[in-house]
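Below: one structure, written as structure tokens.
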Amino acid sequence: MTLILGIDPGSRITGYGVVRQTARGCEYVASGCIRTGSGELHERLQIVFRGVSEIIAQHGPVTMGIERVFMARNPDSALKLGQARGAAIVAAAEAGLEIAEYSATQVKQAVAGTGGANKEQVMLMVMHLLKLTQKPQIDASDALAIALCHAHTRSSLVPHGLATARRRGGRLRL
């Protein structure tokens with residue numbers, strides 16, 4: 001059994017999802033959103049860092065998947081997204097989690113079967129795979145999808161690749 005944290009980073013809303021990976025698949029543990037409000041950027045980044053740190057302390061995941069930054073139309077938005085991502089990554093690194101990064105296309109492919117899936121299709125597959133009866137918030141749904149993608153990728157790497165990386169004290173990069 002492995003607890004996996006998925007993070008959908010954002011400078012205003014960061015989604016998180018925690019799943020338990022077992023021999024039979026994945027089970028839902030928790031999900032939600034870290035809302036930073038509209039303060040100064042450094043204050044919002046601190047909220048993301050503390051929020052992710054609290055989630056890690058509460059649930060005890062051993063690994064984290066996080067979405068890569070995509071090039072947005074607005075360069076300022078892409079920079080802020082990258083900074084929020086960095087705050088989440090530092091929180092996970094401080095806690096000793098293994099960290100893997102995935103593109104949005106990789107996440108959609110792993111969860112919905114096509115890299116061109118829309119948010120609604122991804123959410124419906126997340127609900128189906130985790131046997132959820134209510135729709136999660138969209139950012140939480142995306143984070144759960146990232147956690148599921150990470151679980152799927154991990155299961156294809158175990159036992160050889162991940163075990164080797166862990167033994168050598170290295171970081172697994174996907």
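Placement of Cβ uses the backbone N, Cα and C atoms for every residue, glycine included.
Swiss-Prot has this to say about the protein:
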- ASP8: active site (ACT_SITE)
- GLU67: active site (ACT_SITE)
- ASP139: active site (ACT_SITE)
- ASP8, ASP139: Mg(2+) 1 binding site (BINDING)
- GLU67: Mg(2+) 2 binding site (BINDING)
Which chain-mates of ASP8 (active site) that are at least 6 residues away have a CB under 8 A from its CB, listed by sequence?
THR14, GLY15, TYR16, GLY17, GLU67, ASP139, ALA140, ASP142, ALA143, ILE146
Give the three-state DSSP assignment (helix, strand or coil) for ASP139 (active site).
helix
The number of other Cβ atoms within 10 Å of the Cβ of GLU67 (active site), counted over all protein chains shown, is 25
